[in-house]
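Okay, structure first, notes after.
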Amino acid sequence: MSQSVSSRRQRLWPTNGQLVARRRRERDPVSNPVAARIFFRAFSPLNFCCCVWRKMVFTRVPYFAATTTTVGPVCHTAKSQQGLNMNPVTLSEVKPSKGAQESSNVMENQKVWVAEPTEGFILGHIVDLGSEEVTVQPVDRRFKAVNCAFDRVFPAEENDAKDFDDNCGLMYLNEATLLHNVRLRYMKDHIYTYVANILIAVNPYADIKNLYSSKCIADYRGKSIGVLPPHVFAIADKAFRDMKVLKQSQSIIVSGESGAGKTESTKYVLRYLCETGGHAAGPIESRILDANPVLEAFGNAKTTRNNNSSRFGKFIEIHFSDKQLVVGGYISHYLLEKSRICGQSPEERNYHIFYQLCAGAPEALRKQLRLGMPDQYQYLNKGCTQFFGRGASGGGLHDPLLDDAKDFARMDKSLQTFNVTEPERLSIYSTVAAVLHLGNVSFEENPDDSRGGCRVAAGSEAALAAAASLLGVNAGELQQALLSRVMQTAKGGYKGTIIMVPLKPWEATSARDALAKAVYSKLFDYIVNKINRSIPFQSSAHYIGVLDIAGFANPVLEAFGNAKTTRNNNSSRFGKFIEIHFSDKQLVVGGYISHYLLEKSRICGQSPEERNYHIFYQLCAGAPEALRKQLRLGMPDQYQYLNKGCTQFFGRGASGGGLHDPLLDDAKDFARMDKSLQTFSVTEPERLSIYSTVAAVLHLGNVSFEENPDDSRGGCRVAAGSEAALAAAASLLGVNAGELQQALLSRVMQTAKGGYKGTIIMVPLKPWEATSARDALAKAVYSKLFDYIVNKINSFEQFCINYCNEKLQMFFNERVLHDEQALYSKEGLNVPKIDYVDNQDCIDLLEAKATGIIDLLNEEGKLPKSSAAHFTAAVHQNHGQHFRLALPRRSRLKQHRELRDEEGFIVRHFAGAVCYHTAQFIDKNNDALHTSLEALMSESRNDFLQALFDGSDVNLNKGKLTYISVATKFRGQLEELMEKLHSTGTSFIRCIKPNVRMVSREFDGGAILSQLQCAGMGSVLELMQQGYPSRQSLFDMYQKYLPGKLASLNPRMFCKALFRALGLNEHDFKFGMTKVFFRAGKFAEFDQMLKSDPENLAALVKKVHRWLLCSRWKKAMWGTLMVIKLKNKIKFRKENLVIIQKTVRMHQAKKQHRPRYLGIMRIKDLKNNVSQMSRIVSQLKTNRDNSAKIVAQMDANLNSTIKKIRANPKITKKEIDKEHATLVAILNKELAALKTELEKQKSAEEQERLRKIQEQMELNRKREEEEARKKREEEENRKKKAEMEARRKKEEEEAKLSELAAKKLKIGEDALKKKEIEEDQLARQQLEQERRDHELALRLANEMGTQLSSAASTPRLARAPGIKNGTMHPNTSKHDLSKWKYSELRDTINTSCDLDLLEACRVEFHRRLKVYHAWKARNKKRNSGEETERAPPMILEAAKFVEAKLANGVGGLSVGDQRYFRIPFLRPNAEEEQTKVMVSTSGQKGWWFAHFDGQYIARQMELHDDKSPLLLVAGKDDMQMCELALEETGLTRKKGAEILEHEFEKEWTANGGQVYVRAADRAKR
């Protein structure tokens, strides 16, 4: 067997000399142009071998080898003739072959981007092709090889160090190249980048010199996008010019997360528009710009992400006249963050106005308002109380743009600009101060109130009096309104009985906070209205609106989820997935926090030098003394759950330790954590319950157990000294101490039979079992508490934020994607359709009338006994089958699955699935003030406050049925905003936050990629790749700008002439039905025509004239050339007429004299006979002299006859024939006599002569047999060709019959196919959303060193039906090749003798090639024809329309069938050259040969006159060869395409091809 394999491989594989010659031809670009093109183009078929086979060598083998650890058999060339060595060789014994290294070079040059959680995308090379995946080796060796699907691999630019102003200028448009281009520009301080007409702005966190100077504004004025580098001024100028040209109002949407630079971008847009529309700082323009300091003072605050974060959304309208002059403005505000008024997260501040008033107000004003420092007020001192600016008392915050004292002066001056009088400003400041004093009013239980009411706490009377004075109300009435609420019965008295219901302390605190929020919200509305009244407009032609929506701040979970370890003082002991949700306008509109894998074991014990969770130490160190006594807390070393680790505190002065960390202080962190809980609307009783639960866990850990000698069943008992800990734990948990003890000491078991449901048995526990039960209880209690805290954050506010996100996403889809494609279709541009996710069904789920979640929530709030469980059940009942809604137990996250069905629901938003805990939905949906508080404020002695509450409804009958819910107000604001956006043109500025540390020149690729994806940039890139983002109306353009001298031209001709004059390529623009469309960035070259500058217009007209003159001159020149050509043609005909006449005369002369010279020639031929006679005479031995005389006489007769014919021109042919016949007769007679005499003489030589004759006859016989054989072969070839033609006609007829049958079934199939496509698209959208959620979770989990839940598996995107049909087939083979590597398939095809395995490998091999080439086609370079070089275009085009119905990937041919084809092949470059010249020339044509061994191609050859032959063989050159099956190519139905085997072999051998051994012959050998 080894000898047969060896001999077979010797014939299959070329010799060393042949390999060297072939490689030399492929390697030399000069001598082999085809090899040069293949070498320098991306993705040679041998690229992926570079890394897989780097350490392997084969002598006298193809370029591929096995990749297993042992390679065998391997053939080595032996100098002796003893055969080949078939012993296995390991990888360590072999070295890289030269051929393998050369074949791998091209693949290494092809760079691709592959997804990576931290960097976003990393650069790499493809090294292997799997069944459904591709293996990529990153360039950065820090990363390991990555296996991923083709959908997550993107080709990279050839020059990855070059950046582009517009991402549409990239050769490959995808998310990876977009992110890389933004990174390159950011590192060069180019913070702005275009995606078509959308501006991406990356916050530099540093000042860039002269970026926003007045000169810069002048440079960008009147310049369209693309003329100058990207800039926010270019977007503002585009909006201004669109308003001017299109006569339509415009909107600029500035969006991004907190700290991305939205506020600054908005300022620069307003500044540009005011300077452009006003040309000078007039009163209107100045007031519009002065509105920013006022709005920032009352609506901005310091957060952990941004020192000047806008905590409200604003839509600023600048109105223009018909002459494009600023005539006024209007400001609409949305979603003011009221919760910040009463509390802030640690390290954050309240609104700037509170600190500006304390730091910058005059001393007299502060005394009048009774103001002190920020740390004196409860609404400020739980956050950061420091000032911005040097020298301000109370702190040292620094920011180059903020200074509280100076900002107060600027704000006060701006209020004067808006005609706010001094008394009005005093009333404003008094209202702000009243809010601060109101926050200092605290409450306590009233022991004298039998109804359980409360009273104002001791020490709060002064704050109450100050607040009442500043609010203009009686202090007693204010106190009464805060301590009780008014209720009115339906019956009793005239309208019912008035009842004063006393409030609990926490209820009074909530009423106080509600009043503070209402007062400040009314004040903010007043200020915005005051600004709007100061910038009025009598008439407005159009306006430009700038939308800025507030960002989202991240909550703090460190107290309950972080701990000190040996490596980190603040280590997160849980995984958290913090989602920052963006709208389709790239607005950060909310967030959601999911946590994973809380380290429960840490609760019961820690390693030495480590601590338990921070909350235990914070509670011991920072809780007030009264709270610690109530919770019976001591020091950490007193608790078993703490004293096995480190028991010291963080922070100086804390008893029990001296741990130091610049970011940790247990006492202060407790205060910050407590304040954070208040920010998330956790009431005081709820916070007390949380702290009681934490303390209960500590006390529970001190309960120990010992053997119980009195228990005969071997049970245990609570150890002596643990009774107090058990009692404390039971009290804090709210259970009976005896029941808790019983539950810890025993476990309950129930038998299957006995009693009603079985017999209950109490099984006593051993001491170690009781300890395990105690620890399990502690872990469960703390874990449930942690879930509760997270769910408190993900509640009603998150629901409203995500509702806004969905509305804005729908607007983005309609404006950027849907409307754009509809316009292309209407104008007939034939731009391919781009699919995108439509979220209308999600919006219907949220806001549908009567059945939407919002309406269901409103209806639940109106019920007498509303409950969250009933509301949740109603949601599930109405939308149980809705795709966007799901039960919590169906979530992939563990903490969601622990929720009951009536406790929440999951909504699948555009950005991902979110689980909502509905416990507080109903309460938070109602923010109405108590009637008594509204009545009190409407009767205030302060006219300013009374005016603020003048519109309030103080009807005592107001109740649940008449209130307007928070969700309803929120929906109304969104509808108003959407109406304005829909009525205007839209421009987008997407602000990007480069890193969370807010430092310059730090680029967080993963986070930025998430922002770009949520911004919808992927769909925009896909649309812009084929789209035309800029357009202009032909009629308006022609009517307004066409000079009179060119009026005779039609608009389309004039535009085309102008484009040509400006040097635009036809690919850069396209004419529609009514408009002309431009590629991204090309409108700037044409936009000069829209300017009204006469000099520019004259220059353009001059260029048009020049182009027209050049065009007409070219036409004249071509006409002249045609005339010259006609003249030469006439001359040519004249010369040839003379030749014709000469030829006719010659013919006549030949006709007359032909018999004479033919006769002379025949007579001369007789001289040969005379010569023969002379030779015979010479051979005679007797009578030679007489015979010689006779011969001489015959010669004389011949000469005399010739002279006679020459002398007589009129001699006839008959006379000549007669003379000739006479001479012949005489010669024959004499010759016969001589021969007779000679025969007698040569009788002796007869035997020799006969032998020679026999030899001659034998040669003649062989020649005749050869001729007969050739005739038989020709006849057989004719029969074979006839059979091939008959077979082709039969297949053609069958194809026609199939086509007719298919047409009959087409109607039903189309409907079914359409349904399947819709279902497939829906499934792909759903899986794409799940994949995006998983990638974000994986990236954040990698950053924090945690893991995802086991249920969170990576979703696999479903393949499109077209790809499935083209690449998948029923696996009926007995061989499972799905896990085989590409290299293993190649080696098996080259070496296997098993025909079944061989054919299965060929099917799988070519299926993977189809997937690979389909991926290349989707990601090919634009305007590139490289995809058609594997085979002639007619074959690749035919494959798109041929749906091969094959079983197991093969058609009607068996494994051993061999067919050969030849078709003309016109190279693409030759075809392009023919289209460029007008004079017809001969194209560079060639031939394409193909040999199919079974269903797939075995050999392929290209022959061109001007190029070296290109010979390709399966097993070596598969990626350069046609990967289609025979039936897919359509060659069998092409007339004249099939040829015979010897015809193919003749050309193959003539061009240096090696002998081919068929797969079927391997087994025989």
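Using the three backbone atoms N, Cα and C, a Cβ is placed for every residue, glycine included.
Any TrEMBL annotation is an automated prediction that lacks curation.
Feature annotation from TrEMBL assigns domain 'Myosin N-terminal SH3-like' to 107-158.
What TrEMBL lists as domain 'Myosin motor' is 162-1091.
Listed in sequence order, E296, N300, N308, S309, S310, D548 are the same-chain residues at least 6 apart in sequence whose CB falls under 8 Å from the CB of T263 (ATP binding site). Sequence annotations record features per position, and here TrEMBL assigns ATP binding site to G256, E257, S258, G259, A260, G261, K262, T263.
Within its own chain, the region 'Actin-binding' (974-996) has Cβ neighbours under 8 Å at 182, 186, 197-203, 205, 232, 235, 238-239, 242-243, 246, 248-262, 265, 269, 305, 315, 332, 334, 545, 547, 585-586, 803-804, 807, 811, 815-816, 1002-1004, 1007-1008, 1011-1012, 1015, 1017, counting only residues six or more beyond its boundaries. What TrEMBL lists as region 'Actin-binding' is 974-996.
Beyond the ends of the region 'Disordered' (1259-1296), by six or more residues, the same chain brings 1532-1535, 1538, 1540 to within a C-beta distance below 8 angstroms of the stretch. TrEMBL lists 1259-1296 with the feature region 'Disordered'.
Mean model confidence for the domain 'Myosin N-terminal SH3-like' (107-158) is a pLDDT of 85. Note on E257 (ATP binding site): other Cβ atoms within 10 Å of its Cβ, all shown chains, come to 27.
Local packing around the Cβ, expressed as the count of other Cβ atoms within 10 angstroms, is greatest for G256 among the binding-site residues G256, G259, G261. A simple way to gauge crowding: the CB of S258 (ATP binding site) has 20 other CB atoms within 10 angstroms, across all the protein chains here. Shown are the binding-site residues A260, K262; the one with the most C-beta atoms within 10 angstroms of its own C-beta is K262. When DSSP labels each residue, the region 'Actin-binding' (974-996) comes out as 9 helix, 8 strand, 6 coil, counted as helix, strand and coil in that order.
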